[in-house]
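Visitor: According to TrEMBL, the active site, proton donor annotation covers 164. Annotation comment: TrEMBL describes 263 as active site, proton acceptor. Residues annotated as Mg(2+) binding site in TrEMBL: 189, 214, 239. Marked as domain 'Mandelate racemase/muconate lactonizing enzyme C-terminal' by TrEMBL: 143-235.
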Ligand SMILES: O=C(O)CCC(=O)C1=CC=C[C@@H](O)[C@@H]1C(=O)O
Ligand SMILES: [Mg+2]
């Protein structure tokens with residue numbers, strides 16, 4: 001197939017609940033929705049998950065829009081695509097810019113699966129009918145508010161609760177939560193807020209029976225995490241440090257982590273995600289699908305990839321209603337008894353609410369691809 005045109009829409013969506021981590025608070029998502037058209041009536045959608053500012057990684061919504069328009073999309077113009085795996089090969093000469101590349105690559109996977117009449121999950125090799133769902137809770141102003149939020153999440157049926165920590169809001173706060181919820185599956189996400197000087201703090205956390213501690217150290221580190229993992233019993237999970245299959249391979253070789261949080265955008269797309277899933281599955285490393293506060297389009301891709309056998313822990317794939325008053329897809333992503341049903345219809349499995357998408361679009365551009 002050939003692409004006829006690609007439209008990139010910059011979208012601003014207000015979040016239902018502000019989301020605070022060690023690097024700031026988000027009340028809105030400023031993101032890109034990429035629509036790939038084959039000119040024959042089929043379209044595929046992808047989502048660029050970069051934050052508005054380059055605080056999670058070196059990419060930001062504005063840099064991704066520029067990269068797509070100036071460098072990435074022109075490289076795909078006129079390409080004859082027999083399988084969406086070819087997109088990452090065509091874009092390989094472009095260094096990093098992973099979230100920008102993943103947005104168009106995901107749109108082409110969706111378009112291809114739609115044309116083939118198969119679900120995105122099936123196109124990726126998914127085997128699960130439902131995926132287990134966890135909830136990521138931002139840093140709350142008080143421990144009491146956090147305990148209340150955890151209680152509501154447990155009552156809602158989430159299979160795992162992720163709690164953000166930062167210096168001054170960590171050990172005592174987690175002890176309070178563990179006292180209130182002795183049997184709940186709990187993990188901590190530090191978003192790189194600590195250093196090897198904090199080893200004793202993480203050793204103290206070993207008493208809390210956490211499922212994992214996510215990205216405790218620098219966002220681009222693998223070696224220091226090796227030393228931390230050797231010093232604690234709680235499994236280290238890497239998020240920001242893993243930008244590619246090779247990063248994952250090296251992290252496993254160095255025993256820097258026992259769990260990986262895979263984010264499709266962070267690693268450059270679905271083809272790279274499949275390589276990491278196979279590596280983890282064959283290495284006995286636990287894997288789960290992280291979230292970037294996506295709309296229903298990115299969420300559809302996350303549910304599809306999480307349906308693969310190697311994803312064996314609940315992901316940050318909460319339902320649409322956790323994030324948005326109204327999602328840009330229909331039906332919305334819903335959770336039942338802590339699980340989300342994997343769509344079986346062609347492509348991503350959810351229709352895009354094009355009028356709402358237009359209303360939320362703050363700017364857009366279209367690149368002819370023939
Ligand atoms: O999308 C979700 O619900 C999970 C959001 C989440 O935990 C994160 C989103 C973006 C960056 C980080 O703050 C954090 C993460 O590190 O996983
Ligand atoms: Mg994380």
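Note: Cβ is positioned from N, Cα and C throughout, glycine not excepted.
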Visitor: From the DSSP assignment alone, can you count helix, strand and coil residues within the domain 'Mandelate racemase/muconate lactonizing enzyme C-terminal' (143-235)?
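Guide: Residue counts in helix, strand and coil order: 46 helix, 13 strand, 34 coil.
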Visitor: Running a distance check here. Ligand 1 versus the recorded positions 164, 239, 263: which have CB less than 6 Å from one of its atoms?
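Guide: Result: 239.
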Visitor: Using a 10 Å radius around each Cβ and all protein chains in view, which of these active-site residues has the most neighbours: 164, 263?
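Guide: Answer by Cβ density within 10 Å: 263.
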Visitor: If you average pLDDT over the domain 'Mandelate racemase/muconate lactonizing enzyme C-terminal' (143-235), what do you get?
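Guide: In the predicted model, the domain 'Mandelate racemase/muconate lactonizing enzyme C-terminal' (143-235) has a mean pLDDT of 97.
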Visitor: Need this for a regression test: recorded positions 164, 189, 214, 239, filtered to those with Cα within 10 Å of residue 263 (active site, proton acceptor). What's left?
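Guide: So far as Cα distances go, the recorded positions lying within 10 Å of residue 263 (active site, proton acceptor) are 239.
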Visitor: Counting only residues 6+ apart in the same chain, whose Cβ is under 8 Å from the Cβ of residue 239 (Mg(2+) binding site)?
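Guide: Expected: 189, 191, 214, 215, 261, 263, 266, 290.
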Visitor: Which has the fewest other CB atoms in a 10 Å radius around its CB: 189, 214, the listed binding-site residues?
Guide: 189
Visitor: I need the neighbours of the Mg(2+) site defined by 189, 214, 239. Which other residues of that chain put their C-beta within 8 angstroms of the C-beta centroid, in sequence order?
Guide: 162, 187, 188, 190, 191, 212, 213, 215, 237, 238, 240, 261, 290
